[in-house]
Amino acid sequence: MKTPETLAFECETGNYHTFCPISCVAWLYQKIEDSFFLVVGTKTCGYFLQNALGVMIFAEPRYAMAELEEGDISAQLNDQKELEKICLQIRDDRNPSVIIWIGTCTTEIIKMDLEGIAPKLEKQIGIPIIVARANGLDYAFTQGEDTVLAAMAHRCPEYKHCTTNLKNRTDEMARIDNHTTNKSPFEASKLTRFNLVLFGSLSSSIASQLNLELKRQSISVSGWLPSQKYEELPGLGEGIYVCGVNPFLSRTATTLMRRRKCKLVGAPFPIGPDGTRAWIEKICSVFDIKSYGLENRESEIWENVKDYIQVINGKSVFFMGDNLLEISLARFLIRCGMIVYEVGIPYMDRRYQAAELLFLQHTCRKMKTPLPRIVEKPDNYGQIQRMHELKPHLAITGMAHANPLEARNIDTKWSVEFTFAQIHGFSSVRDILELVTRPLRRRGVITPGFRSLSKQTTGD
């Protein structure tokens, strides 16, 4: 098989494996600390959440299942009354600041009017209700977060209200009876002339590090979507610049631009030292600020991880496609000296990822490496045949194919691990390389000197 010399896109419209997007509850309920997620679905959805999240219901996590029964599907029960009972119980037991309903495949099939029921119920219970249809009709499981953030963007306060009256909350909160707050989501001291809002769910430590990196360039971040507290959602509107940190948030980006009239900063994503530097430089250029110190910072980090890079330099990797992080990870691994044969990706918004695709081409030219083949909606059967021919050193794949590929003597890494690991910013580079090199270390395909430096040498 010939490796293409130019950026080639293909769409196989085949069968591929990924998780259900309702899995976004796993990380979003921890990020939004005063929220409660209610998944409206069947027993299958409940079994998936129970197994995927690994939290026993006795631990009383801030999410729950509203299990559909035969009476719901046959329209013998009143959907509004049934959901009202559950939401009242949630209010009395947990008293969250917001309840987020997650629609599923079944609610789509039976045409359950969640958007029509939510406004009526939130007036009754005095708590805002956000409806997000994060169902299995999406292309990849990470798009669940995209759906939730796009729905949450509509509830962010209007930017002009934040500047004129700091005591006003969001418009939707004003419509809810008997539900007030003493804290403004947007304080005057936090407003800057740049008005930059970042969107994407990251751990608090990584978000703080990205804030600090921008602060070093004299740029203060106005807020994050999502915020840790629902009442702290950033103000949106004309004059606000928004920038994403994850490549699977195209729906949120579209909502912010078209519905909230924000200006999108099209930048590569801050994954790897090269991506983080390019991300910061792009934001600086939008605000006419000359960045400084980034080149030296990036060089120092590459020097600090050269032991890891020696392990994967010259090795080949094949992305089967699972979580929409594939383009950014491929670009980073090419910069580390790896050869990427193919990048399978369930779905790609070429407009939202335009800067990342250009950066991928730039990286390939810099490393004098042929551009990888990009396959949307890949056919897993065809990919396995191509891997049999190419014999890559490593396959980054979904869990469904890991063991079969290992049996074919191909080292694998679960792509879902990159979703939950800290991979953003300058400080997370070692964590990414730790994940990538672990399968090679497990087989002993490393030098003895490196083994003593690694944090983990056996098992996944």
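Positions of Cβ are set from backbone N, Cα and C atoms, glycine also.
The [4Fe-4S] cluster binding site annotation in Swiss-Prot covers Cys20, Cys45, Cys105 and rests on sequence analysis. In this structure, Cys105 ([4Fe-4S] cluster binding site) is part of a helix by DSSP.
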- Least crowded of the binding-site residues Cys20, Cys105, counting other Cβ atoms within 10 Å of each Cβ, is Cys105
- When DSSP states are folded down to helix, strand and coil, where does Cys20 ([4Fe-4S] cluster binding site) land? coil
- Task: State the count of C-beta atoms found within 10 angstroms of the C-beta of Cys45 ([4Fe-4S] cluster binding site), not counting that atom itself.
- Result: 24
- Task: Determine which residues of the same chain, besides Cys20, Cys45, Cys105, have their CB within 8 A of the center of the CB atoms at the recorded [4Fe-4S] cluster site, and list them by sequence.
- Result: Pro21, Ile22, Gly41, Thr42, Thr44, Phe48, Thr104, Thr106, Asn135, Gly136
